[in-house]
C-alpha cells in the first residue's frame, strides 16, 4: 500500500525511527558515513511498470489490420483529428473554469481582508486582521490539502514529473484517471486562493494529459461507463500519443503559447515523434488557446476582442520603447549566470526538504498540518512585510486592484502590498509593466528574499500547485531590482528600463529551476508577444541551464529520481561502451512452451517472487532437455485474458471448437487487466493444454548477447520497448532486458554507477 506522501515511499526509509531501517539495509548497502542520508535515492523502485508502446503483432492483430480497407483507415484518421479537437476544447474550458473561479474567490478574500485592515488601521488592533488573513488562508488550504492527501495523492505537486514519466513509458498508478483530474482542478483552485506561493499553470499540463487519456479511450473506468466509441485506440501506443497532445494543449492554455506547447511535449515528453503527430498536437494546442480566449473574452464582456490567449498574460512589450542594444548582451548573460546559481540553490534546498518529507511527513494528517502551517506562515510573512514597509506611492495613474493605504498618506498606497496582496500572476505582470519608480529597491530586495524561501518550502507540499509562476515572480523581482540599480549606476540613462530586466530575470530564474531551453524560449516569446526578445531570452536560458547543470540537475528530474522511477534519458551514459547485453540482462528467464499446460501457466503467473510481465515462447521439444529456439513473446495481460475466457483444450492434438477470441476481447480488458488471483481455474482445467501460437507476438525484437549497452539502449528507447529478448548464436533465449536493467546505469560524480533495485 502506498503512503500518500507527496513522494511515494522510497525504500522503506520514511519511518520515523531510522535506526532499525539502517540495520535492515546494511546487508545490501555498504555502511555510509553517519552524516550522510541513508542512500535511498540510489534505489530504483520495482513497482513501476512500462507501457507497451510496441504493438504485439500476433495473428489476431494482423488479421484485423488486413480486414481494414483504405476507407476504414481514413475514418480512423478523421477520428484522431476529432479527438484532438475535443482535447483542445475541453482543456481550454477547464482552464477557463479554473481562471474564473480563482479570480472570483481570491477577489472576495482580498476585499474582505482589505476592508478589515482599513477598519482596524483607523482604530488600532491590526493583529485581528492578521489573524483573519491567516485563518482564511489556512482553512482554504486545509480543504485543498485534505482532498489531495486522503483521496488522490498523485494529484499533489505540479504533475509535470508524472507526465514526463508517462510519456517516457513508465506507468505511474492513477496518473491519468478522471478522479485525479477532479482533485487536481479543485486542489489548484484552493491552493491559489489560499494565498500559497504557487501558480495554476503547471497543473494545467497534467489536466490536459488526463483529459486526453480519457477522451481517446471513449470510456471512464472511474465512472464505470463505456461509451463504445474510439475502441480502436484502446492500447498504450495510441493513448500515449494522445497524452502528449493533451500536455501540449495544457501548456498552450496556460501561457497562450501553442508552438511552445508543441515544443514542450517534444522536449520534455514524447520519445516518439512523427510529422502527423506533430501536426495533430499543434492543432490541439491552437484549439485550446482559441477556446480559452473566446470564452474569457465573453466572460469579460468584450465578446469580439480576443485579448486573453492564456491563463497568464504578460501583457504587450512594445519594441520601440523596449529595444535592446549590443552592449546589453553581456549584462543579459550575467543575469543568466545569476539565475542559474539561484536556481541550483532552490533545487538543492528543495531536495533536502523533500528527503525530510519522505522520511518524516508521510502520514496524510501530518501533510495536511504542514500545508496549513505553510499557508499561515505565508500570510504572516506577507502581513509583516506590508506592515514594516514604508514605501508609499501615489494612487493616481496606477492600476492597483486592491490598494492598501495602511500608514500612508491619503491618496497614496503601500507598494509592498501590490506584490503580496495579489495573486502571483497579477504580481508578475505588475513587475513587468509598472512605470519606473513604482518600487523601492529595498521593497524588491526583501520581497525576493522572502518569496524565494516561501516558494521553495511550498513546492512538494501535498497540494496541487505549479512552480512556474513563483519562479517567474522571484526572477522578475530581482530582475527589476537589477534594472533599477543599473539606472542608478548610469545616472538614469534611458536604456535601463526596469521592465525589460524584470523579463530577463524571470526567464533566468525559471530556466535555472526547471532547465528547459527550447520550449521555454518560445513560451516566453509567445507570452510577451514579442519576437525581438527571442535572442536575449535564448542566451539567458542557455546560460542559466549550463550554470545550473554544473551544480545540480533540474527540479523535475530531481523529483523523478527521488521517486526512484526507472526513467530513460535520451542517450545511454557516455562511458558505458564497455558493458554488453550479457552483463545488463536479467536471468534466468521464465519461458513458456508453444503448447503449454494450463497449470504451468497459472503457477508462473501466480508466482509473486518473480512477477514478470513478458514471457518468451520457445519451441516445445518434449525429449530434449536444453532450452529450445525462440518462437515469440507473450504478455501477462494476454495470458490472463486467455485464462479468463478459458481458451484451452483437453489434449494437445485437439483443435479449438469454442468461439475464437477477437482483438476486441483484449481491448475491453485494457487498461486494468484483472489480477491472476481473481481468475478461478479448477483442478481438471489445470490438466488442459493451451496453444499460444496465435496470441503470441511471433516477431519480438532480439539482440545478440555481445551487443554493447549503448546499442541495446538505442533500440530499446527508440522503439519504446517493454521487453527485449537476448539470444545467443543458436537463437536460444539467454536473458531479457527490461527498462529497469537499462535505467540502473547512471553517470554519477565518479563515473558510471549502478543503482540497486528495491521492491517497494
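Placed from the backbone N, Cα and C atoms, the Cβ positions cover glycine too.
Automatic prediction, not curation, is the source of TrEMBL annotations.
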From 301-325, 401-425, 501-525, the residue range that TrEMBL assigns the feature transmembrane segment: 501-525
Leading stretch by Cβ pairs under 8 Å, where the reference is the transmembrane segment (276-299) and the options are 130-151, 242-264, 369-388: 242-264
Proximity of the transmembrane segment (501-525) to the transmembrane segment (442-461), 3+ C-beta pairs under 8 angstroms: no
The transmembrane segment (442-461) in contact with the transmembrane segment (531-552), cutoff 8 A, at least 3 CB pairs, sep 6+: no
The transmembrane segment (81-102) in contact with the transmembrane segment (369-388), cutoff 8 A, at least 3 CB pairs, sep 6+: no
Close approaches to the transmembrane segment (130-151) from elsewhere in its chain (Cβ under 8 angstroms; 6 or more beyond its ends): 4, 109, 112-113, 116, 179, 183, 186-187, 189-191, 193-196, 364-365, 367-368, 371-372, 374-376, 378-380, 382-383, 461-464
Top Cβ-contact partner of the transmembrane segment (329-349) among 181-198, 369-388, 467-489 (pairs under 8 Å): 467-489
Intrachain residues whose Cβ lies under 8 Å of the transmembrane segment (181-198), provided they are six or more past its termini: 94, 97-98, 101-102, 105-106, 109, 133, 137-138, 140-141, 143-145, 147-148, 151-152, 155, 159, 206-207, 210-211, 214, 374-375, 378-379, 382, 423-424, 451, 454-455, 458-459, 461, 463-467, 469-470, 473
